[in-house]
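Since the structure comes first, as structure tokens, the remarks are kept for the end.
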2 protein chains.
Amino acid sequence: MNLTILGCHAATPKISAHPTAQVLEIKGHVFLIDCGEGTQIQLRKYKVKFSRIKHIFISHLHGDHFFGLPGLISTFHLQGRETEMHIYGPKGIKEAILLLLKLGKSWTKFQLYFHELESNLAQVIYEDDKLTVETIPLIHRVYTNGYLFKEKPGERKLNIDAAREANIDLSYFNKIKMGHDAPNKEGVYIPNAQITFNPSPPKSYAYCSDTAYNPEMVSQITDTTVLYHEATFLKTHQELAEKTKHSTAIEAANIAKAANVSTLILGHYSGRYGNLELFKKEANEVFDNVLLAEDGKTFTF
Amino acid sequence: MNLTILGCHAATPKISAHPTAQVLEIKGHVFLIDCGEGTQIQLRKYKVKFSRIKHIFISHLHGDHFFGLPGLISTFHLQGRETEMHIYGPKGIKEAILLLLKLGKSWTKFQLYFHELESNLAQVIYEDDKLTVETIPLIHRVYTNGYLFKEKPGERKLNIDAAREANIDLSYFNKIKMGHDAPNKEGVYIPNAQITFNPSPPKSYAYCSDTAYNPEMVSQITDTTVLYHEATFLKTHQELAEKTKHSTAIEAANIAKAANVSTLILGHYSGRYGNLELFKKEANEVFDNVLLAEDGKTFTF
């Protein structure tokens, strides 16, 4: 699981502080999460293979999270893309994108599927044999969802030495990996646990931005491997965080602690702070494993 | 008259090839012309004073000429702007911008005036005591206008030595600059031409992008000081220019020559060419004074 931060700064884009966008590589997918203005340039800068993106998840319709989307879609079109594209986001996103394409007479040749969201309950919005994606209802000034990416448990790992020693024919090996017992050459069934190892525990990634402090999300994201939680403000601006429905670093850390996640990544920093280390310092008061998002940084889990 | 190129490349934005946007400083105004994605970052990079922009002219509704506009407006809002803003562009631009602001519940506190264009005839769309702005009808795949910025003739310059020698009271000096004759202390009227110099000739700037080769614009832009004309292709791609309704460098130069402009600036280069000097070389075959637009370059006239 690789997470590349294309932008992790709040509000207005600056030369070296890009608005929110990130790429999650998980189980063969390349998911784009949010798409602030300039995302397509960041994708080029950090050498992400555009064409592999088939699913784009937009949290909410503030400009710093989606004004890069029309341009990215146009670029896919100009590049001659033929592969379908799925866009998940709040109701209204389809109208906006289609209007912009219509005004420019720039209809895409590839299929564009919009999956518009309007529920305030968590729901599974994507599923295949390797993973699921769920919405995480967030609290912000407009309708907003985070996204929870959860790997499904993998196949059991064959203990090849044990299976051979037990005299099992290799034609059974695939079934064994799926958890079945298997007969040896004498016809005696060998219990699966004796000839396999446990699979690697499935990983998960929760993206929560933008949101006010929202303990209601804790049960849904409990034991998540990595939580990206916005931390727009430091605690000196607690009041401003409440007013604008954003979080402080310590609030993000409280969520991470309550949800028992392994790693917390902070981002969506307000431009008013010179020293981002202060976000980590404040979060560390309640939670140990805190990392700071940084434009261009890739985290591997 | 200063012209700062924020971006002068066609189609998809790249790390060092930004889509169209430029700033024209003329007679105390700071005009923004077109606004491709990332324009606000370019404005910061080249230290243009944002707040002085009060008029934005959009040529057409292809993304590489206007997808930076919603973000720029949002940024003005976040910066607490109170000064009104005027936006000139094809019909539809108002609906698009208002929809995006509505979806983000991001109504601006400053007044936003849309001047929507739909005429196929040149028209004066802005006028004050120092200059006029006219549309230049262009030929492209969607409804498109160029813009012609024309200074009005300035006041006559007082020949202060001649005026004193003629024994004219200084209370008449302002009237003299406006072209009036004035009496000397003996009551004899002195002809204006005797006590003034001609003003500097008014300057003008014609912005023509995007457009197919369009000799119909020549009469309107004849004797213009500076013509910015798109040159998306070299002559090897003449056929592609015709198909996509763009121009080649030599076509731009033919317009410059026919219109007897002083200076031709080329821009809107297709990304397929490594050596931009070839654009100048081809244009120079028919017109001498050719300059190449370059992201970040300021031309002073």
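Using N, Cα and C of the backbone, Cβ positions are placed for all residues, glycine too.
With a cut-off of 8 Å between CB atoms and residues at least 6 apart in sequence, the same chain places A:PHE66, A:GLY89, A:PRO90, A:LEU138, A:HIS140, A:VAL142, A:TYR143, A:THR144, A:ASN145, A:ASP210 near A:HIS60 (Zn(2+) 1 binding site), listed in sequence order. The Zn(2+) 1 binding site annotation in TrEMBL covers A:HIS60, A:HIS62, A:HIS140, A:ASP210.
When secondary structure is read from DSSP and collapsed to three states, A:ASP64 (active site, proton acceptor) falls in the helix class. The active site, proton acceptor annotation in TrEMBL covers A:ASP64.
Taken residue by residue with DSSP, A:ASP210 (Zn(2+) 1 binding site) is part of neither helix nor strand, so it is coil. If you look up TrEMBL, you'll see A:ASP64, A:HIS65, A:ASP210, A:HIS268 marked as Zn(2+) 2 binding site.
Counting neighbouring Cβ atoms within 10 Å of each of the binding-site residues (A:HIS62, A:HIS140, A:HIS268), the lowest count belongs to A:HIS140. Among the binding-site residues A:HIS62, A:HIS65, A:HIS140, A:ASP210, A:HIS268, the ones whose Cβ sits under 8 Å from a Cβ of chain B are, in sequence order, A:HIS62. Excluding the listed site residues A:ASP64, A:HIS65, A:ASP210, A:HIS268, the same chain places A:ALA10, A:ALA11, A:PRO19, A:THR20, A:ASP34, A:GLY36, A:SER59, A:HIS60, A:HIS62, A:SER209, A:GLU230 with Cβ atoms within 8 Å of the centre of the Zn(2+) 2 site Cβ atoms. Each residue in A:SER59, A:LEU61, A:HIS65, A:LEU138, A:ARG141, A:VAL142, A:THR144, A:SER209, A:THR211, A:LYS245 lies on the same chain as A:HIS60, A:HIS62, A:HIS140, A:ASP210 and has a C-beta within 8 Å of the C-beta centroid of that Zn(2+) 1 site, without being one of the site residues.
Calculated from their C-alpha atoms, the gap between A:HIS268 (Zn(2+) 2 binding site) and A:ASP64 (active site, proton acceptor) amounts to 10 Å. Sequence-distant neighbours of A:HIS65 (Zn(2+) 2 binding site): residues of the same chain at least 6 apart with a C-beta under 8 Å from its C-beta are A:PRO19, A:THR20, A:ASP34, A:CYS35, A:GLY36, A:ILE58, A:SER59, A:SER209, A:ASP210.
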